[in-house]
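The transmembrane segment annotation in TrEMBL covers 20-47, 267-287, 315-335, 356-381, 431-450, 650-671, 710-731, 743-766. According to TrEMBL, the domain 'MacB-like periplasmic core' annotation covers 26-235. If you look up TrEMBL, you'll see 270-387, 657-770 marked as domain 'ABC3 transporter permease C-terminal'.
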Amino acid sequence: MVSVLDRKLVRDLWSQRGQVLTIALLVATGVTVLVGSVSTYVSLLGAQEAYYRESRFADVWADVKRAPRSLVGRIAEIPGMGTVEARIVEDVRVAWPRSPISVSGRLVSIPDRGQPELNRLRLAKGRWIDTVRRDEILISAAFAEAWAVEPGEPVDVILNGRIQRFHVAGIAYSPEYIYASPPGNPLPDDRAFVVLWAGENAIAAAFDMEGAFNNLTLSLAPEASPAAVIADLDRILDSYGAPGAYERRDQPSNRFLSDELAEQRTLAIAVPLIFFGIASFLLNIVLGRLVSAQREQIAALKALGFPSLPVGLHYVKFVGILCALGAAAGILVGIRYGQGMMNNYRPFFRFPDLDYVFPAWLPLSAVAASFAAAAVGALAAVRRVLGLRPAEAMRPATPHAVRLTLPGLPVGPVPKMVLRSLFGRPLRSALTVVGLAFAVPMGVLGLFWWDALDSMVEIQFEGIQRGDAAVTFTDPVPSRAIGEIRQIPGVLAAEGRRTVAVRLRSGHRTYRIGLTGLAQGAELSVPRDRALRALPLPPDGIMISTALADRLGVKVGSLLTIEALEGQRPVRELPVAALVDDLIGFSAYMERSALNRLMHEGDLVTDAALRVDPLRADEVWQSLSERPKVVSTSVKSSWLRVFDETIRGMVAVSAAVLTLFGLLIAVGVVYNSARIAFQERVWELASLRILGFSRAQVSRILFAELGVQILVAIPLGLVLAQGFVALLLGLRDNETFRIPPVIGVSTYASAALTVLAAGFASAFLVRRRIDRLDLVGALKARD
């Protein structure tokens, strides 16, 4: 049998359906982001751990110029050392006729028989290389997918200036290249970069490395200290031109993947908290006003013998149903959101198996989080219910007196009523304004992404990296090579740069990075500060990314230790002269001549930025591909294509979800406020109608109050939107890319107009209720 309170609950849910839907949408948004982000994080983490375990992913890497294989036995004796595997790794160019520019590649040796001990490959297609033939290779699955390469196809690779034809035996995945970016491009470009694996004997013969190696991969014993092992390893390899060993956390692919996992973990906590917090605030307002409106009903129930606890539980049930609706919708949409995120990650992170995983504990966690937020919002209202005394609650609430003095102003009765309502209950008015203000950032959070990404492209690719292409040489070359490139028909400008692998040290914090030396007055590579002003190169100092400075714990004026990891490996302390506000990757800059002096070398360059005549671009790429000293050419148009395919693609799913929910919530919040105002004043409005006020006059009183609140709320909401956007993007910051908190005027206008349109729509719907108002019934019951 349905109890009286349960029937009342059904009536309340139906009569408050607008408010219920609004708060349920907020709860659903929080649950959606929570479910989507957590399931994405769990899926990525599970794929990473499973693949690393299956492939025996190495713990430590070390590069050398050339070392004898006899050294491997000595390295294996280091305390804490596990497996030691020596190999040959070389950056090469691939003559790929389907591409207008030369494709850069990394050639990695594998045993002529069987899998390597560490970093084992997973074949996607084809077979392992033939131990007899030296012209077979395996190629990375990402490149094969981008160009539809099949086993058996020929691949021409330029080895030491000579073209050697290989044939694809198989297509493979590697744990070292889950995230694979070509030289000079921080984003993965599957069409311009390929990893090639060939037999050890074939590579050794091509590079004159018989009986030698230039790369080590190592595993550590479970109890080993990575720092101690690396220190011992560096001492052994120091005389062989080693730039210093590094552990797994600094391996490029793993670093990018770990950064993304950390970001997902943070977003899975922080973003739902924003929506749950707003839902809790609005629920506090809605439930508080519902209790105020139903105080006489509550008193009557208590007077008829209903204990306080069941009456209080009635409102707890109200909140529980509201949360259950939001959580159910949020879980369903969150699953699709997580699946969409995983689809975007598949071309970004190349796992052999990257399946969407939905853990069984996640729905319970999402429901618990939503109920916790609702409980916080409902607590005050339920306490009021429990504390209401029947005799006191039977009487109407004492009206709030307010004395307004407007000397000399001809104010009519309707404006006076509006002002008395607004200022007579200042707390209620303030809470309503804040609730309406939250509608604005709900609209902005989904729409601003495109403004921010457009700004990111403008800053990074038009303000900082202003060239059309970047050329990387096989080794440091004299700066006169830049003059030769300027002579290529179609090259409008060329600027040489020197990049040196260094370790930046500040106390116990270190970071490996390429330190770039720029010519004074360079125009194609322009470091900029937060205000986008071009920064002059210091004559004797270093400029680093703001994000890198935060990681190292330094600021302008701090001393940084620069440990060069090549050449004579000099070590020097330099002051941080300025902070660079770049948005992709981390950067460190010096004046080129100062960097060459630090290295005790002449005027050398390792790469160049080019400006190219677009009408003769193909001639330029062809000419560059014929130069043996050029190992790679990266083109800005390719960078922008990759940016659109990866960064914009990854953001699109989040933006779509937030836009959909944000606009619905914005409309719901405004309608919610209008409905609450109508319900609270229905007795007053009916009284005015009885006294002779027309429907239009009564409507103007209610809508003028709502209009004033909306007009005050919109500027406040725009400020809140800036704060929410800054918070959200601050949580997304990682080494891969940093999105600037830019919100366009059109986005602000769209959010404000959405709120205004919602106000007009709400006024229309509430006006219909006023027109159908039962005056006798409203005067008999003030609920």
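The backbone N, Cα and C atoms fix where each Cβ goes, glycine too.
TrEMBL entries are annotated by machine, without manual review.
DSSP labels the residues of the domain 'ABC3 transporter permease C-terminal' (270-387) in these numbers: 97 helix, 0 strand, 21 coil. Touching of the transmembrane segment (20-47) and the transmembrane segment (356-381) is concluded from the presence of at least three CB pairs under 8 A, sequence neighbours closer than 6 excluded. With respect to Cβ pairs under 8 Å, the transmembrane segment (431-450) is most closely packed against 743-766, considering the stretches 267-287, 356-381, 743-766. Outside the transmembrane segment (710-731), and at least 6 residues removed from its termini, the chain residues within Cβ reach (under 8 Å) are 263, 266-267, 270-271, 274, 433-441, 444-445, 448, 452, 670, 738-741, 743, 748, 751-752, 755-756, 759. Sorting each residue of the domain 'ABC3 transporter permease C-terminal' (657-770) by its DSSP state yields 97 helix, 1 strand, 16 coil.
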